[in-house]
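Let me begin by presenting the structure, written as structure tokens, before commenting on it.
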Amino acid sequence: MSHVAVENVLNLDQQFAGLDLNSADAESGVAGTKGRYIPPHLRNKEASRNDSNWDSGRGGNGYINGMQDDRDGRMNGYDRGGYGSRGTGRSDRGFYDRENSGWNSGRDKDAYSSFGSRGDRGKGSLFNERGSGSRRTDDRRQDGFDGMGNRSDKSGFGRFDRGNSRWSDDRNDEDDWSKPLAPNDRVEQELFSGSNTGINFEKYDDIPVEATGSNCPPHIESFHDVTMGEIIMGNIQLTRYTRPTPVQKHAIPIIIEKRDLMACAQTGSGKTAAFLLPILSQIYADGPGDAMKHLQENGRYGRRKQFPLSLVLAPTRELAVQIYEEARKFAYRSRVRPCVVYGGADIGQQIRDLERGCHLLVATPGRLVDMMERGKIGLDFCKYLVLDEADRMLDMGFEPQIRRIVEQDTMPPKGVRQTMMFSATFPKEIQILARDFLDEYIFLAVGRVGSTSENITQKVVWVEEMDKRSFLLDLLNATGKDSLTLVFVETKKGADALEDFLYHEGYACTSIHGDRSQRDREEALHQFRSGKSPILVATAVAARGLDISNVKHVINFDLPSDIEEYVHRIGRTGRVGNLGLATSFFNEKNINITKDLLDLLVEAKQEVPSWLENMAYEQHHKSSSRGRSKSRFSGGFGAKDYRQSSGAGSSFGSSRGGRSSGHGGSRGFGGGYGGFYNSDGYGGNYGGSSQVDWWGN
């Protein structure tokens with residue numbers, strides 16, 4: 001019995017010896033080093049594995065480190081889904097093959113070897129995402145290849161970023177952010193398929209531009225007049241921007257020269273690209289700087305704080321997402337990764353997105369403060385600060401949060417960082433804020449400050465409250481079926497009620513206001529933009545910054561209580577050189593804005609109804625005894641750089657003799673709806689005999 005056992009042991013020893021399991025030299029080449037078990041199906045491949053680069057890009061020590069052993073009960077590299085999510089079963093959707101420079105949908109190709117694993121931490125794997133099989137709620141058109149970070153890249157400055165969605169083929173150029181990465185037809189189609197140009201640029205260029213400040217850089221006439229690098233110029237071409245708008249002609253060289261800027265331009269004038277283009281071009285030229293070194297030394301996955309190089313603050317989530325989408329376009333084929341955070345969305349998902357890396361952050365003030373207090377965002381290395389729609393942020397009560405972000409945290413002080421403020425209006429309060437935030441800034445006024453575009457024909461109609469719905473139906477019936485109409489109301493309840501009324505009247509419509517979920521708001525905007533619901537009922541939440549092209553008609557069903565809100569509402573039409581119409585329902589509830597509305601109509605060379613002139617005259621006499629301040633639109637404080645006194649330096653970027661007259665700027669309009677503008681108030685007859693219709697045709 002024992003003899004048989006001993007014999008069996010000897011036979012086993014002989015069998016193990018035959019398998020050469022204990023030969024350290026055979027495997028490691030180092031005497032005295034204990035060998036490791038090699039599965040039978042891999043023994044013949046071991047010698048040639050390094051020559052074939054099977055584990056290229058995985059940064060591991062061979063098969064065991066490059067790919068997780070199934071014995072630990074976790075998914076291995078082949079089980080991970082094509083979007084980096086574990087076990088999602090999407091691995092056959094296609095991967096980018098670095099060696100073949102194309103999309104590779106084969107399961108047995110080396111594209112899998114670029115997926116990192118537990119053994120890759122700190123070894124520079126190129127593509128990996130932890131637990132993100134679901135798409136982010138705010139990346140509506142984003143796919144899994146569009147810029148995900150990786151676990152091993154603690155800094156977030158990896159070679160694969162959301163804004164560019166590209167592999168970096170040349171590792172020697174890894175630190176050169178100015179060189180574009182490889183193109184990708186699919187992402188290119190996704191980002192640049194829409195139209196971005198207006199139809200009336202010849203007249204649009206006639207708008208005068210005034211730049212005030214010391215040593216103001218000369219303006220440009222073409223994007224080629226200033227050096228912005230290969231990446232930016234390529235993306236400008238893809239975006240089909242043929243030439244800069246007036247605000248871009250002046251703002252881009254000012255920002256390139258690293259000057260602070262306070263710019264006032266009409267809505268829809270290209271303000272977003274005016275600051276994104278020069279900021280991104282400087283980031284590409286300078287690289288990440290100290291931010292990457294700091295993150296590499298101190299970052300830990302899941303707990304690290306992100307340090308964006310640029311911060312853009314916006315008042316609403318819609319505007320923040322819109323700026324973010326533009327940033328994605330201009331960050332295409334670069335190493336810069338844009339991110340966006342805003343209230344009303346899952347903060348956990350936004351934190352996970354930030355942890356994958358963030359170089360340019362677009363945020364609403366409230367959510368950014370939340371992220372900073374959670375230790376997820378640090379502004380220590382922020383070189384560029386942008387306040388977009390600054391007056392609107394103050395109107396919404398964000399000044400404490402803005403001052404907390406800019407003055408009471410770790411953001412570099414003015415003079416060290418570069419700060420830009422953009423808005424359609426700049427009343428005195430905003431200019432005082434600019435004095436605190438900006439350093440030796442240049443004041444840029446495109447057109448008249450606080451004015452409206454002459455591409456917009458403005459009509460003010462006296463309509464009693466009980467007649468508003470009937471009058472609205474008449475306007476909608478006179479509008480072409482393919483025309484987009486934006487109807488503004490004052491309250492959320494009013495928006496829902498009006499949408500319900502129009503729906504039961506047979507009109508395809510949708511609505512958007514603050515009580516709607518983010519998903520509902522995005523869906524409503526999509527339905528409106530696509531023309532499926534050509535009527536959008538909205539509160540002021542949609543009035544600022546939304547770039548909805550081809551809006552033919554804006555209707556103020558309820559006029560706002562202040563004239564600046566009126567400017568922003570009607571600015572939704574006539575954008576970037578297009579022509580539009582704005583109709584406002586006026587009655588005794590709106591007397592408080594009579595004088596300002598009259599001044600605005602006169603300034604924009606619009607026809608003024610006689611009843612409005614009479615009301616403004618009466619209102620002026622009533623308020624004179626109370627010492628009423630000068631009108632917002634009568635050339636007062638907000639209409640120029642308040643630093644100007646006698647002899648202040650200024651330069652005029654355009655010597656043309658004034659703005660274009662736009663669409664029907666001074667023509668009569670008593671037309672298809674009869675005489676609305678007689679002194680008796682609402683003029684009744686919808687079937688006027690004039691040959692000029694409501695649209696000025």
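Cβ coordinates come from backbone N, Cα and C, glycine included.
Quick caveat, the model's predicted, so the values are computed rather than measured.
Here is what Swiss-Prot says about this protein:
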type     : residues         : note
BINDING  : 241-248, 265-272 : ATP binding site
COMPBIAS : 89-111           : compositional bias 'Basic and acidic residues'
COMPBIAS : 135-144          : compositional bias 'Basic and acidic residues'
COMPBIAS : 151-170          : compositional bias 'Basic and acidic residues'
COMPBIAS : 622-631          : compositional bias 'Basic residues'
COMPBIAS : 645-654          : compositional bias 'Low complexity'
COMPBIAS : 655-666          : compositional bias 'Gly residues'
DOMAIN   : 252-444          : domain 'Helicase ATP-binding'
DOMAIN   : 455-616          : domain 'Helicase C-terminal'
REGION   : 27-189           : region 'Disordered'
REGION   : 619-666          : region 'Disordered'
MOTIF    : 221-249          : motif 'Q motif'
MOTIF    : 388-391          : motif 'DEAD box'
The motif 'Q motif' (221-249): DSSP-derived helix, strand, coil residue counts: 18 helix, 0 strand, 11 coil
Per-region confidence, the motif 'DEAD box' (388-391) (mean pLDDT, whole number): 88
Per-residue Cβ crowding (10 Å cut-off), top of binding-site residues Arg243, Lys271: Lys271
DSSP three-state assignment (helix, strand or coil) for Ala265 (ATP binding site): coil
Local Cβ density at Ser269 (ATP binding site) - other Cβ atoms counted within 10 Å: 26
DSSP residue counts for the motif 'DEAD box' (388-391), split into helix, strand and coil: 2 helix, 1 strand, 1 coil
